[in-house]
Every structure is written in structure tokens, then in C-alpha cells.
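Undergrad: This structure is in C-alpha cells; I'll ask about it shortly.
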2 protein chains.
Amino acid sequence: METRIERIKKHLHSSSYKLTPQREATVRVLLEHEEDHLSAEDVYLLVKEKSPEIGLATVYRTLELLTELKIVDKINFGDGVSRYDLRQEGAAHFHHHLVCIECGAVDEIQEDLLEDVEAVVEQRWNFKIKDHRLTFHGICYRCQDKDEE
Amino acid sequence: METRIERIKKHLHSSSYKLTPQREATVRVLLEHEEDHLSAEDVYLLVKEKSPEIGLATVYRTLELLTELKIVDKINFGDGVSRYDLRQEGAAHFHHHLVCIECGAVDEIQEDLLEDVEAVVEQRWNFKIKDHRLTFHGICYRCQDKDEE
DNA sequence: TTAATAAATTAAAATGATTGTTATTTAAAA
DNA sequence: TTTTAAATAACAATCATTTTAATTTATTAA
Ligand SMILES: [Zn+2]
Ligand SMILES: [Zn+2]
Ligand SMILES: [Zn+2]
Ligand SMILES: [Zn+2]
């Protein structure tokens, strides 16, 4: 945890940004909820528990900055809000998501899976891929079990 | 064109909805701009040219209805607006997108490409896939040519 | 055909997420 | 220490989308 914060601090410094207390509090919340897919409001409420003086706009600005630096990925599952996902350290690509249309759960796929597809796209469409977003909508294993009862 | 409208009309009827003049005007705009990825506002302005009395809320409701019936797909490229894409008739899956981070162009990939990946996901994650969203972000062929100059 | 009912629409207001503004604070540089 | 720049809080403003209430249109029943 602390070492990851240290690395993020260096990452900010190398782009001449500072890890202010507000930014650190925000990053800590993201680290403590790595499994989740928090909205800006979610992050704000969690940060507020420990640092009640922080403003929502600051959370937004911090998340924007972290997105710019590719420390987090911004993603949208079709409900009206953007969600923020810490990028795995050293991960070449953004991970994929499984969104259950019954219970709303969002599970993650860390494996790449797209290598072959991306090779085809780069060749056939002459498109230089920098990033991707892949989300599957369907029924999660939990809801399949429920349905069988 | 007319036959596609007819089929959409039947599709609505089979779910006991009517193809009102406002809905027809909206569908026509979508058909006339199949290549594009129009926002609700975009659709509204285009519909207004021929049917100035239509309201923005009606366009939103119509697009919502068409999305429910899977006549269009709602998609989000990360700017703050939802965009609406006519589904290819008979297409099993939603097509993929190439978003250029330099010029903003959005190109389409109609080929499936994901068959193998989806088989793996269904098996390994025990997830019943109903739909997907796949978007690549990168440099389009046009901008690559520009960069070489 | 006419009265009653339901569906769809308009226009306006409300909502909710996000962004911009301004004064203030904090940290770095001179 | 004084000066300057960066960051923040509090609030206002904006933008996309949804809701509401009144009206219109189409459908059904008498
Ligand atoms: Zn589920
Ligand atoms: Zn995730
Ligand atoms: Zn381009
Ligand atoms: Zn498309």
C-alpha cells in the first residue's frame, strides 16, 4: 500500500504535480476499494469520512488528473455516471468487465484476451491501437444459479 | 428505406407500440445518418428540420424505446453524451468502434472478431453473454498519414 | 356516432452529474 | 521575508437527461 502510494507520488512528481493531502486521501480511497467501480460521488463520500473538509470539485479534478496520467481509467457502464478504476501496475492494457443485467454486479477480467483481435484490427484497419474498452453484458454465475432454483 | 421503415413499424406493433409521426421522423433521421453516431440532441436538431414541432423529450423517449426494442444501440464514447447507433438488420452482435484520439473520427468494424474471446469468457467465467461493447482508442489511418508528412 | 379511456406528445420545470469561478490557502522560489 | 504559482473550498453555472402536468391524438365501448 505505502509503496504504491510512493510510486504514484513519484509518477505525479515526474509530471511536476504534487501529491497534496487531498490527492493522497483520494488515492488511498481508490486503493482501499480496488475491487469496486466508484463514481466521483462515491469517492467523495469515502474521502469525506477521513477528510471532511474536502470539496467535491477537488475530487473531480484529482480523478481527472489521475486519468490523464493513466493512473486510473475512466469508464462508463451506461448508467449516467463515470466510474474510476485503478490501473493495475505494469498492466499493458485496461482490463475488461462483465456487467450482469440481472443484479448489476460488475466483475473483472484481468487477462488480456484481445491480443489476436488487436493484431487483426491493426493490420486490416490500419489503426494504431493505444487503448481499449471491452464490456460484456449478460448473466453472471450467481444469477444463473439463482435462476435454476 | 421504405421497407426498413415497414419492418420497424411491424417490430413496434408486435410489442404494441405505434409508429407515430414523431417516431417515424426520428427513425428516418437515424436511417439517413446510419454512418454517424448521433447524440439525442443531434437527432433532435435533424428531426426539427422537417418536423419543427417535435419536442426534445419525445426524441429522448423514442430513442429509449428503440433501444429497448434493440432497434438501436446506445453507446458512450466518454464525452458526456450518449450516442445512438442503428443496429444492422439481422446482425447477431453490436458492431465495434475505432475512436481516433487525434481527430475524433469514429469508424466501425462490422465483423464480429470476438467469437473466440466470447467462447472463452462464457466457459472460464461462467458468464452468459447477451451483448458487448468493444471500442479501440488509437490513431486512425488518416492521422497516421498526416503524421508522416 | 359519441362518450370514455388510454397512449403519446409538448413545454416547462426539475434533477443530477460535471465544470467553471472567485476568493483564499498553501507551498515553492527569489 | 516577499513574491509567485499551484491547489483548494465554496459556490454558482452548465449541460444532458428525466419528470411533470396539461393537452392532443388515437382507440374502445356504449
Ligand atoms: Zn448477476
Ligand atoms: Zn474494473
Ligand atoms: Zn484520426
Ligand atoms: Zn457504430
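Along the chain as shown, the residues are counted starting at 1.
Backbone N, Cα and C atoms are what each Cβ position is placed from, and that goes for glycine too.
The following feature annotations were taken from TrEMBL:
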BINDING   A:Cys100, A:Cys103, A:Cys140, A:Cys143  Zn(2+) binding site
BINDING   A:Glu115, A:His132  Fe cation binding site
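Map these features onto the structure and tell me what's around them.
TA: Neighbour density for A:Cys100 (Zn(2+) binding site): within 10 A of its CB lie 21 other CB atoms from the protein chains shown.
In the three-state DSSP reading, A:Glu115 (Fe cation binding site) counts as helix.
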Undergrad: Given the binding-site residues A:Glu115, A:Cys143, which one has the fewest other C-beta atoms within 10 angstroms of its C-beta?
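TA: Among the binding-site residues A:Glu115, A:Cys143, the sparsest Cβ neighbourhood within 10 Å belongs to A:Glu115.
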Undergrad: Per DSSP, A:Cys100 (Zn(2+) binding site) is which: helix, strand or coil?
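TA: Its secondary structure by DSSP: strand.
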Undergrad: Which binding-site residues, if any, among A:Cys103, A:Glu115, A:His132 have a Cβ under 6 Å from ligand 1, given in order along the chain?
TA: A:Cys103
Undergrad: Can you see whether DSSP assigns A:His132 (Fe cation binding site) to helix, strand or coil?
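TA: In the DSSP reduction, A:His132 (Fe cation binding site) maps to strand.
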Undergrad: If you compare CA-to-CA distances from A:His132 (Fe cation binding site) to each of the binding-site residues A:Cys100, A:Cys140, A:Cys143, which comes out shortest?
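TA: Going through A:Cys100, A:Cys140, A:Cys143 one by one, the closest to A:His132 (Fe cation binding site) is A:Cys100.
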Undergrad: In three-state terms from DSSP, label A:Cys140 (Zn(2+) binding site) for me.
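TA: Looking at the DSSP assignment, A:Cys140 (Zn(2+) binding site) belongs to neither helix nor strand, so coil.
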